[in-house]
């Protein structure tokens, strides 16, 4: 019997082992792992939007759950891992907590979306949305998705929006309790303790503030009492101060009046001498009145004349001179205007485009300009301006435009300006710009073009007071310079405004050679240009000496004093003319004599305004090594034409925007003291119009150049001598090779370093080679075909 029982128990054990092994085999089914891996891979593809499948999965979850889909990804991954490794479904408590947390996040994301935009989710089928979002690669903000949308739409009528917020908070708390496996009492206890601690700290802070306020009140009361006590004692002190100060106040004006009275008799003759001295010194330059110099006193000579003083021509007024008429300029041809219907259609397209991207805005005004049309957009309340700015590429795509420029906001208005290029740029002529403004009382009034509204823009140079013009090649920079010079010729006589033109490119400004407004012929040599700027600095200093001796502050006051004196005296004295210095290409000057040019520009821009000297600098290379920080900071008015990059735009005007210009005269103008840019379509001026104006001016009066203002002539190389016998050979070698260095001379002539460096110094001093510029090779300034060679 016992053996039979043992056998039966052994059989039972073997059968139970077989059952457990079969269960393990069933539980260890590899299909479960394959499914788990597949789910993980799909979730990863959806989270990072990898490939076609990833975008489809993410768009599907985005449609259903919105922003809360990321929690869905996490919950699916956690559930997959738990079921795969524990081989059982998670506990009901944690499952319920996860579901409650998902619902709470649906409410939260939908509420945030509702409060931010107030736009409802679209009710389109899931598959069509998934296909469209994949096709356009665009995932709009859906808040809580379709599930969150319907949850909010069903809950708001039942418990109101405030009730939904309370329910959402309760759901979040419940999910935390369910997931963390804490009792409600423990959670409530912790929350109450935190609230009590917060209230306790708040009460302590309030009590400290009350104590501080009480101390301040007591301090104020004490100070008031001290002030009252001082006021009671003040009458005696006041009497003493009055007694001591009144005689001083009386003495100072009485003493000054006596000095003025004693000098009043000699003052007219002294003033007359000062102005006569300047008049005679001015006439010395023209060699008209050299005999008046003998009447000057030694004191006047010592105060006015100096070793480096440059005497400016005091040109006698040419009564017969007549400024050129505007009829010399061509009449603008009639052009086809932009269709209003087309503009209104684009305005409607613009509104619809913004609406598609969740921006509620209306087009309130449209301004049609010569080159661009500005659509004035007024966004709805709560819409961020940055949201509109970030859509500039989408707006350009919707309007089929080359590029758009967004001015957000328009200065002084609660609106955003969207500038869209016209299909055809309208030509703006200089004549139509000057027609409404000329003749002007301001002799330095120049025409720039028309703004977005089509209004003509003219600016006075003396209010700028200096101008920087920069832009890439072919953007309209040279036409703008010609327009400025022509505007001056059309408005000012030679004795009123003088010009100094510097043109290292040798082809842009040579047409103006011979006009009577020029101080010196057009300067084309970069070395002479640097010297010419130094002459302008010396002229500026001379004028300030005149202002000092005549007790005037600027050129306007000095000329008024001269006019008054001319009415009283028989001898007429010339007034000081304004001087406009125009540099057409700054980059060439900075390469040859960068330090000298930069120093001269710095001094002119800092001090020359009161002296009536104004500087216009133009360059087609707006880089920081050309437009240095010193030059940029001292030239407040700037014009930026089309450039290739935003970096160049920031170099010119301090902000981006010039990289979006259209070229062909399209510019951004920043005036002195302006915080915003004005977009202007520049006035066009043909070469024939310039030539007609120049011929008209030259026929009336020939140029009368000021010799003392001309740069020094280049030193004759044949007369130059060097102590080294190898100098002539080194000179010829450097000119033939068109390169120079100390090591090159050492190898060629087999000499030491010291001798070679001395030869290099001699060559530089004789202006055969340029100065040393770091690691860059020296520039050879003499051409092989030069007659001197």
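Each Cβ is built from the backbone N, Cα and C atoms, and glycine gets one as well.
Features of the protein shown, as given by Swiss-Prot:
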type	residues	note
BINDING	474, 475, 476, 477, 478, 479	ATP binding site
COMPBIAS	209-231	compositional bias 'Basic and acidic residues'
COMPBIAS	247-262	compositional bias 'Basic and acidic residues'
DOMAIN	454-650	domain 'FtsK'
REGION	1-25	region 'Disordered'
REGION	209-275	region 'Disordered'
TOPO_DOM	179-789	topological domain 'Cytoplasmic'
TRANSMEM	34-54	transmembrane segment
TRANSMEM	63-83	transmembrane segment
TRANSMEM	99-119	transmembrane segment
TRANSMEM	137-157	transmembrane segment
TRANSMEM	158-178	transmembrane segment
Taking the center of the Cβ atoms of 474, 475, 476, 477, 478, 479 at the recorded ATP site, which other residues in this chain have a Cβ no more than 8 Å from that point?
471, 473, 480, 641, 665, 682
Counting other Cβ atoms within 10 Å, pick out the least crowded of the binding-site residues 475, 478.
478
Please identify, from the binding-site residues 474, 476, 477, 479, the residue with the sparsest Cβ neighbourhood, meaning fewest other Cβ atoms within 10 angstroms.
474
Looking at the domain 'FtsK' (454-650) alone, can you tell me the average pLDDT?
89
Under an 8 Å Cβ to Cβ limit, what residues of the same chain, 6 or more beyond the ends of the transmembrane segment (34-54), are close to it?
61, 70, 73, 76-77, 80-81, 83-84, 134
Based on DSSP, name the secondary structure state of residue 478 (ATP binding site): helix, strand or coil.
helix
